[in-house]
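TrEMBL lists 45-64, 97-119, 139-156, 168-187, 247-273, 309-336 with the feature transmembrane segment. According to TrEMBL, the domain 'TLC' annotation covers 88-278.
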Amino acid sequence: MPPPEPMPGYGELLRRGYGSLAAAARSCGDCGWRLALRTWAENAHLGWAEVLLCGLCALGWTALRRACSRRLFRPFGEWCQLQPRDAAKMPESAWKLLFYSVSWSYGAYLLFCTDYAFFHDPPSAFRGWQRGMAVPADIALAYLLQGSFYGHALYATAYMDTWRKDSLVMLLHHVVALTLIAASYAFRYHNVGILVLFLHDVNDVQLEFTKLNVYFKHRAGVYHRLNDVVLYATCHSSLQAVPNIPFYFFFNALLLVLTLMNIYWFLYIVLFVAKVLLGQMQEVNDVREYDVLYATCHSSLQAVPNIPFYFFFNALLLVLTLMNIYWFLYIVLFVAKVLLGQMQEVNDVREYD
């Protein structure tokens, strides 16, 4: 097996990615709907039996969620004596935490406990690609679970979940995610698809776990401070003890910057340690999550010069990136409200007041 391709820095990533996109656009002289339909007919392999199975599994997810909410999540919320508003929203986050924990764990198993090499060498995800190539059973199972779940999530967001300010964006996210899952399976881009799902699912695990902490802060009329001790002390208690405390915004802003950088570097440490423990690195190298972007924008064209639906997939991945930036702005808004004293405790800023 050839050694992993060295990953570029941010500047080189932008340069090579833009260069590959521009070159592909210049060489596409007959791009249009007719070419797209012909390319789909020649390269896409997705049978009606697979679509039907995915639809049945989506119905199964919906039934399973209703059963878990009725038999497990709601009784547990009542036993904990949550506030009525929190008790109504808790089953949604508990269900999502359960699914994303299982799906991310299965993705980690595929990437770290099997012979697939495209985690530590993302460009290899496109090497050896052939139209209609067989999808390994374990990866096909991951696609079935994810595709059917996002099919269920479309219905759940509209009719089962609490309606929030970003619910329309969430619906768009599910449409884009389901389209990427189905199309990447049909075009046999399943290797890089597993990487994308793995990197996204871990964020949902952290998000839903944090939301559950918020919902469980008030139990039986008693406030339980679970995860905001330092933030609460620096942003709120400092003003209570010293009303005109000097350089209040300066120090809290620096603490926020440190927190964000620690989270950023912690992800690199986790990836590095995983690769060393699994024997996928023989020496210390840099590890970056944007390797997947490099693989889809640049390395895919190097491995398969006329790779089908190149712009389609990269455009949808860009849309997902923009939506992630949109949700990051909610985090910034939350932090700003805490620093400005407009929030006394952690709450979801997406909720309608």
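Cβ coordinates are placed from backbone N, Cα and C, and glycine is handled just like the others.
Since we're looking at a predicted model, the values are computed, not measured.
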As a test of reading the model: what is the averaged pLDDT for the domain 'TLC' (88-278)? 79
If contact means at least 3 Cβ pairs within less than 8 Å, sequence distance 6 or more, would you call the transmembrane segment (168-187) and the transmembrane segment (45-64) in contact? yes
Per the Cβ filter (under 8 Å) with a sequence gap of at least 6 from its ends, the transmembrane segment (45-64) is approached by 99, 131-132, 144-145, 147-149, 151-152, 155-156, 160, 182, 185-188
